[in-house]
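Visitor: Sharing a structure with you now.
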Amino acid sequence: MGHLKKIFHRKPIYFRGSFHALCILVFIVLCFNNWSYKNVDRASLGSNYTGLKITDPTDCSGLNQHKGFENECEYLKANPQCKAGGFFYYLDFFYCDCQKFAPLAYIALAIWLATLFYLLGNTSADYFCCCLEKLSNVLRLPPTVAGVTLLPLGNGAPDVFASIAAFVGTDNADVGLNSISGGAVFITCVVVGTISLCVADLGVTIDKKCFKRDVYTFMFAVLALAVILFVGEVNVGGAIAFVSIYVVYATYVAASEFLRKKEEYAPLLPLANTSEDRLLVSETDGVPHLVKSSKVPHWMWGAHVAMYSEVFNHGLEDNPKTPWGWTDEETQSEDSGSWFSCSKLLTWLEFPLMLPRRLTIPIIDEERWSKFYAVASVTFAPLLLAFLWNRVYNGGQLGEDLIYIGSAVVGCFLGLGAFVSTKIDHPPQKMLLPWVLGGFFMSIIWFYMVANELVALLVSLGLIFRVNSAILALTVLAWGNSMGDLMSNVALAMNGADGVQIAISGCYAGPMFNTLIGLGVSMLIGSWSKRPNSYVIARDSGLLCNLGFIIIGLVWSLVVLPRNQMRPSKLLGMGLIGIYLVFLCLRIGTAVVVGSLNG
């Protein structure tokens with residue numbers, strides 16, 4: 001067990017610094033590649049070739065065959081609209097700049113993929129969750145209400161915004177659908193299965209009422225999504241009805257807790273019992289409940305993404321317990337010893353990845369307060385919004401300049417107000433809501449930017465590897481966004497009976513939120529943009545296969561757990577992991593066969 005704790009907890013400082021250095025290096029290379037191609041008239045370069053130009057900017061299916069062209073690079077030059085929709089020209093980088101150095105290009109794109117996953121998780125852990133915590137406190141939301149609204153949004157933010165980016169940013173709905181549904185299969189099968197194998201010998205009992213409530217609601221949501229996919233389109237009313245399933249569920253949970261007339265948490269979401277002075281555990285009718293404190297602690301908001309957080313990692317020396325609830329004295333002694341001399345260097349390596357977000361996301365957390373960054377964030381945030389607006393809506397050079405000038409004026413006005421109204425030694429004590437909403441909104445903007453880039457990279461990788469991008473979303477994107485769930489929930493389960501109860505509940509509540517809210521909001525935005533017509537979703541038997549295996553995993557849990565008196569067993573764990581392996585082999589095998597037939 002001690003070795004498992006080290007695997008989940010330890011994040012060596014030298015590895016983190018090296019990773020950041022590689023991320024920065026790849027970012028510089030991609031920026032140089034973008035600059036070089038933006039300064040070349042690519043369409044004129046392609047006019048020398050006789051190959052047919054594509055007219056659909058999302059259709060690059062002829063890239064690998066490149067009929068009428070000498071190679072893929074010449075095909076891209078003749079078809080400059082063949083772009084995945086991100087900030088960088090990944091296909092040009094791979095086929096033109098690295099035409100003779102393919103292994104280096106693979107390594108660079110793999111590092112950049114890891115960077116984007118890291119930025120999603122770190123933005124959630126260090127910025128978005130902090131804003132949600134403050135918003136909950138400012139609005140004085142009861143912990144139960146926060147637990148079924150803001151808390152799952154903080155934990156599921158990477159999945160939710162990756163789905164929205166797929167539907168809206170790059171118009172690849174299949175990527176978002178496969179990411180969410182693939183992640184749901186992974187969590188309900190692999191994560192629950194791993195927890196069951198880890199605690200099978202402990203004889204822990206799961207609360208039957210809460211378990212069935214969550215599983216049956218999730219099953220109903222999956223069936224509703226299957227109907228939408230079978231129909232092949234969704235309008236605004238249908239999307240609202242789909243989202244309302246979670247609204248009804250959250251209302252029911254909150255109302256049930258209010259009716260108890262006791263200050264307690266329902267065991268709904270995965271939280272760590274690591275703050276004894278602020279969170280106590282009581283038992284009502286043999287069921288563990290988390291007693292409500294005056295506010296929701298910060299560590300709860302980052303439960304799923306604590307492994308990405310620099311705030312947590314830099315504070316371990318002063319905190320006797322880690323975000324997952326254990327102390328690793330060996331790791332602490334090593335970090336404070338031989339690697340202490342490198343801490344300043346590694347901090348500087350982290351700085352380039354942190355600086356753009358700190359300069360645009362207002363943070364008023366007491367431990368991280370900086371008047372300089374606060375003033376800078378409200379000054380530069382409008383400029384970032386202007387950049388994104390000009391990128392999406394081409395209003396001509398004069399229009400773009402006017403938008404930048406107007407944003408600069410607004411930013412200077414807000415910065416001056418922030419400079420006058422704030423103090424150096426502590427964050428503002430009044431008018432907190434505008435600050436919190438500003439941080440909340442700008443965190444969403446960064447989520448959208450990173451998630452949109454991640455989806456664009458996956459689409460490009462699909463073309464490079466000649467693999468359907470939906471399969472990459474089903475595997476790479478789903479696994480990357482689910483690693484936080486795997487590590488935090490398994491670690492929680494190893495802390496005892498209460499941790500097992502909370503972790504199992506979170507394995508169903510989290511994917512349910514991602515499905516109903518992540519996909520629901522994505523479909524709502526997509527259908528709203530297409531109104532009065534419906535948003536068309538391409539019929540894909542693979543998506544129905546995903547939903548079918550979610551149902552199979554849920555049914556297996558509903559059958560095995562009650563037969564074993566609600567105790568997780570090895571039979572439950574091995575069965576769920578076996579279901580996932582069958583699912584993975586079937587989807588990948590089908591994709592290979594279809595690809596060979598089409599190729």
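Backbone N, Cα and C define each Cβ position, glycine as well.
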Visitor: Out of 212-230, 402-420, which range is noted as transmembrane segment by TrEMBL?
Guide: 402-420
Visitor: To the transmembrane segment (573-597), which of 101-120, 180-203, 432-449, 500-521, 541-561 is linked by the most Cβ pairs under 8 Å?
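Guide: Ranking 101-120, 180-203, 432-449, 500-521, 541-561 by Cβ pairs under 8 Å to the transmembrane segment (573-597) puts 180-203 first.
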Visitor: Under a Cβ pair cut-off of under 8 Å, which of the recorded stretches 13-35, 180-203, 238-255, 500-521, 541-561 contacts the transmembrane segment (455-479) most often?
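Guide: When the Cβ pairs under 8 Å are tallied, 180-203 comes out ahead.
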Visitor: Between the stretches 101-120, 180-203, 238-255, 402-420, which one has more Cβ pairs under 8 Å with the transmembrane segment (541-561) than any other?
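Guide: Ranking 101-120, 180-203, 238-255, 402-420 by Cβ pairs under 8 Å to the transmembrane segment (541-561) puts 180-203 first.
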Visitor: Test the contact criterion for the transmembrane segment (180-203) and the transmembrane segment (500-521): 3 or more CB pairs under 8 Å, pairs 6 or more apart in sequence, then answer yes or no.
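Guide: The answer is yes, given that the two segments have at least 3 Cβ pairs within the 8 Å cut-off.
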Visitor: Have the transmembrane segment (238-255) and the transmembrane segment (500-521) got at least three CB pairs under 8 Å, pairs 6 or more apart in sequence?
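Guide: Judged by the Cβ rule, the two regions touch, with the required three close pairs present.
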Visitor: Counting by DSSP, what is the helix, strand and coil composition of the domain 'Sodium/calcium exchanger membrane region' (110-253)?
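Guide: Going through the domain 'Sodium/calcium exchanger membrane region' (110-253) residue by residue, I get 124 helix, 2 strand, 18 coil.
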